[in-house]
Each structure stands twice: as structure tokens, then as C-alpha cells.
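Asker: Before we start, here is the structure in question, set down as C-alpha cells.
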Amino acid sequence: MAAGFGRCCRVLRSISRFQWRSQHTKANRQREPGLGFSFEFTEQQKEFQATARKFAREEIIPVAAEYDKTGEYPVPLIRRAWELGLMNTHIPENCGGLGLGTFDACLISEELAYGCTGVQTAIEGNSLGQMPIIIAGNDQQKKKYLGRMTEEPLMCAYCVTEPGAGSDVAGIKTKAEKKGDEYIINGQKMWITNGGKANWYFLLARSDPDPKAPANKAFTGFIVEADTPGIQIGRKELNMGQRCSDTRGIVFEDVKVPRENVLIGDGAGFKVAMGAFDKTRPVVAAGAVGLAQRALDEATKYALERKTFGKLLVEHQAISFMLAEMAMKVELARMSYQRAAWEVDSGRRNTYYASIAKAFAGDIANQLATDAVQILGGNGFNTEYPVEKLMRDAKIYQIYEGTSQIQRLIVAREHIDKYKN
């Protein structure tokens with residue numbers, strides 16, 4: 001399996017050397033003036049998108065309902081995605097990865113989410129867990145923890161949220177006490193995606209005991225091996241949607257972490273943890289768009305087949321207008337994540353656009369899933385049709401990686417600051 005993945009990486013890396021993506025721009029690359037913005041993907045981008053699309057439609061969709069019913073973690077699908085090069089796409093080339101940009105990851109994420117957002121979330125959970133190391137890890141940390149993920153289909157997790165600290169990240173209570181060359185960690189985390197499947201965690205803990213210490217100095221980011229003594233993994237949570245994703249609580253009791261596993265240094269953790277979101281929120285938004293597109297497709301197909309009052313549903317203006325509104329919304333949501341991804345790949349701070357994309361796409365996914373259920377009527381409310389699952393799966397897009405309300409706070413702050421400055 002590792003040999004197959006290695007061949008896949010070599011092929012895709014060779015593609016990237018020949019200008020694989022017009023949308024993805026390295027931060028240090030100078031763009032030629034006057035070229036403007038292109039809506040056209042390169043042929044290679046289309047091929048990668050087609051690979052993800054084929055995988056979603058032929059391998060994910062046929063088994064998605066069963067995984068939703070059982071809640072079983074989709075190991076065969078994750079292994080297959082890894083073999084196809086559809087996982088861990090952010091890992092740098094010098095660590096054995098593809099070194100793709102956020103725009104590229106978004107194209108893949110949308111297609112995977114079209115098949116099942118539970119599967120997509122498990123895969124995207126890896127990207128979120130890896131991102132702090134990608135943006136802040138030293139060479140040794142990157143090679144040790146990212147490199148191994150290109151050798152076999154391992155998982156990782158972003159271990160930040162706590163029972164009493166979700167949106168309020170600065171309110172976390174998990175403590176890290178420095179003793180010699182080690183840190184002793186005690187605390188409880190909650191709602192950790194891939195929590196029971198991860199090989200290692202990115203963990204954020206309070207290292208400054210002063211309760212008045214500012215957030216940008218009070219927390220430290222750690223890489224923690226999942227098999228470290230003192231880690232207690234809780235039961236898998238039975239959630240409303242995305243049920244095949246592994247979500248758990250984790251307790252850390254006198255867990256020893258060596259100093260070499262600290263990212264950057266003491267007090268740098270909050271900035272590292274928040275910095276990851278500029279790269280991962282566009283990808284989450286892309287997943288929401290994938291679900292929204294699926295809802296639109298299912299509703300349209302049904303409306304073209306179902307007759308009422310002697311007419312096809314699409315021949316009723318009320319339904320055709322609903323479909324038109326759905327189509328408009330999904331196209332705009334897609335543009336929002338593409339702009340956010342393009343900005344960060346161009347080396348610019350994209351917090352404003354990332355939050356717009358995350359909030360807008362999350363809301364649109366919920367609206368379109370609801371509309372799809374409405375168009376299917378009683379059938380939409382039944383498990384024999386896929387749209388009820390879409391409606392359950394959609395809700396979390398307004399919650400994880402920053403609620404829709406938090407995104408609006410960020411957008412408002414960024415918008416107002418532009419006028420103040």
C-alpha cells in the first residue's frame with residue numbers, strides 16, 4: 001500500500017512541477033500584472049477533481065446510508081482515499097506529501113462531501129490536526145509526524161475544544177505544567193473529531209497559571225502521541241448527523257509530553273491554533289457546498305420524475321423557483337470558498353474571506369437540505385431517500401470550526417477595522 005501511495009505522490013508531484021494549478025499560487029511567487037482572475041481549471045486540476053468525484057459517486061454513495069445507520073468508522077473508504085492521494089494533501093513535498101494548496105484541497109473536499117460529509121469530515125479532520133505543524137512545526141517535527149502519514153493511512157486530531165470552552169477558545173482549562181524538560185498535562189477535551197482513531201493529537205493547553213495572562217501568551221501548543229500513558233479516550237458520541245465520523249471526549253491525566261513536542265515555544269499556542277483556521281475554514285466551506293450541491297441534484301432529479309396535479313413538479317412555478325433559488329445559493333457559496341482559498345494561497349491574510357465562506361456555505365447547506373426535503377415531501381422525510389440524511393448532516397457546518405455566529409463576529413470586526421484604519 002505504501003508503495004502505491006509513493007507512486008501516486010511521485011506522479012502528482014511531477015504534475016505540480018508543470019504548473020499543475022492556475023488557482024493555487026505559492027506565497028513567494030510573483031504574479032504577472034494584468035492577468036486578472038481565471039475561472040478555468042487546468043486539465044490536471046480537472047483530472048484530480050474527476051478522481052475525487054468518481055470515488056465519491058462509485059464508492060462512497062453506495063455505502064453512505066449503511067455507515068450512517070451503523071455509525072461505523074469508514075476505514076475502507078479512508079484507506080482508499082489515501083491510496084488515491086485524496087488525503088493529507090497539505091503535507092509538504094519535503095515530508096513526502098503533495099504540498100498542495102488550500103484551493104486544491106477545496107476541490108477535493110467538495111466532491112467527497114457530495115458523497116458523504118461524515119467521510120469527508122473524517123478526512124478533513126486530518127488536515128485540521130496537521131495544520132498547526134505545517135504552519136508552525138520545525139523540520140524535525142514535520143518529518144516525524146507528517147512524514148509518517150505519507151507512509152501509511154494514519155489519522156490525527158485537533159484537540160482543543162472542551163466541555164466548557166467551544167467558541168471561547170481562550171476559556172480552556174486544560175493545564176500544562178513545566179517540569180524540567182517535560183510538561184505535565186491535565187484536563188478534559190470534548191467533541192474531538194478522529195479522537196478515538198488518531199495516532200497523535202495537536203493539543204492546546206494553558207501553560208501560564210496567571211488567570212489574567214492574555215490569550216496570546218497564556219497557551220502552548222503540543223504534539224501528543226495518542227498512546228502516551230494517562231490518556232483516556234471516551235466513548236464514541238452518537239450525533240445527529242455525520243455519524244460515521246469518530247467524535248469523542250478525551251481525558252488527560254498527568255500526561256507527560258517532552259519539550260521537543262512544543263510548537264514554536266511557550267505561550268505561542270493560541271496564535272498557532274487560530275492560524276490553522278485561515279487554511280482549513282475554506283475547506284470546511286467547500287464540504288458544505290458539496291452537501292448543498294447534492295441536495296440540489298437530488299431535489300431536481302425528483303422534481304423531474306414526480307407528477308402532481310397532472311404535471312411534473314418542475315412544471316409548477318413554485319417548485320421551479322425553489323430550484324432556481326437553490327442553484328443561485330450553491331453557486332455563490334462555491335465562489336465564496338474559492339475566493340477564500342485563492343487569497344490564502346496567494347500569500348495574503350484571508351481571515352475575512354475564510355469566515356465569510358464558512359458562515360455563508362454552512363447556512364446555505366442547511367437551507368438547501370431543508371428545501372430538498374420539502375420538495376420531496378413525505379419521501380424527503382423518509383430514510384429510503386438520501387435528503388433526510390443531508391438535512392441531519394448539514395447542521396454541524398454551522399457549529400464546528402467556529403459557529404456561524406462567531407464567523408459573523410469575525411467578519412464584522414474585520415469589516416469595521418478597514419474603515420477605522
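Quick reminder: no glycine exception, Cβ is built from N, Cα and C everywhere.
Annotations for this protein, taken from Swiss-Prot, read as follows:
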TRANSIT   1-25  transit peptide
MOD_RES   Lys69  N6-succinyllysine
MOD_RES   Lys69  N6-acetyllysine
BINDING   158-167, 191-193, 306-308, 316-317, 374-378, 402-405  FAD binding site
BINDING   Ser167, Asp278, Arg281, Arg349, Thr351, Glu401  octanoyl-CoA binding site
MOD_RES   Lys179  N6-succinyllysine
MOD_RES   Lys212  N6-succinyllysine
MOD_RES   Lys212  N6-acetyllysine
MOD_RES   Lys217  N6-acetyllysine
MOD_RES   Lys217  N6-succinyllysine
MOD_RES   Lys271  N6-succinyllysine
MOD_RES   Lys271  N6-acetyllysine
MOD_RES   Lys279  N6-acetyllysine
MOD_RES   Lys301  N6-acetyllysine
MOD_RES   Thr351  phosphothreonine
Asker: Roughly how wide, in whole Å, is the group Ser167, Asp278, Arg281, Arg349, Thr351, Glu401 that binds octanoyl-CoA, by largest Cα to Cα distance?
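Answerer: Taking every pair of listed residues, the largest Cα separation comes to 21 Å.
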Asker: Pick the one among the binding-site residues Ser167, Thr193, Thr351, Thr403 whose Cβ has the fewest other Cβ atoms within 10 Å in this structure.
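Answerer: Sparsest of the binding-site residues Ser167, Thr193, Thr351, Thr403 by Cβ contacts within 10 Å: Ser167.
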Asker: State the Cα to Cα distance, in Å, between Tyr158 (FAD binding site) and Glu401 (octanoyl-CoA binding site), rounded to an integer.
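Answerer: Per the Cα atoms, Tyr158 (FAD binding site) and Glu401 (octanoyl-CoA binding site) stand 10 Å apart.
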Asker: Closest of the recorded positions to Thr351 (octanoyl-CoA binding site), Cα to Cα, picking from Lys69, Lys179, Lys271, Leu376?
Answerer: Lys271
Asker: How many whole Å apart are the CA atoms of Lys271 (N6-succinyllysine) and Lys217 (N6-acetyllysine)?
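Answerer: Cα-Cα distance, Lys271 (N6-succinyllysine) to Lys217 (N6-acetyllysine): 9 Å.
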Asker: What are the non-local neighbours of Asp278 (octanoyl-CoA binding site), defined as same-chain residues 6+ apart in sequence with CB under 8 A from its CB?
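Answerer: The list for Asp278 (octanoyl-CoA binding site) reads Val344, Arg349, Asn350, Thr351, Ala354, given in order along the sequence.
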Asker: Based on Cα distances to Lys69 (N6-succinyllysine), point out the closest of the binding-site residues Gly166, Thr193, Glu401.
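Answerer: For Lys69 (N6-succinyllysine), the spatially nearest of the binding-site residues is Thr193.
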Asker: Note down the number of other Cβ atoms within 10 Å of the Cβ of Lys69 (N6-succinyllysine), including every protein chain shown.
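Answerer: Result for Lys69 (N6-succinyllysine): 12 other Cβ atoms within 10 Å.
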Asker: Could you tell me the C-alpha distance between Ser167 (octanoyl-CoA binding site) and Thr403 (FAD binding site) in angstrom, no decimals?
Answerer: 7
Asker: Using a 10 Å radius around its CB, how many other CB atoms surround Tyr158 (FAD binding site)?
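Answerer: Around the Cβ of Tyr158 (FAD binding site), 28 other Cβ atoms lie within 10 Å.
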Asker: Going by a 10 angstroms cut-off between Cβ atoms, which of the recorded positions Lys217, Arg281 has the sparsest surroundings?
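Answerer: Comparing Cβ neighbours within 10 Å for the recorded positions Lys217, Arg281, Lys217 has the fewest.
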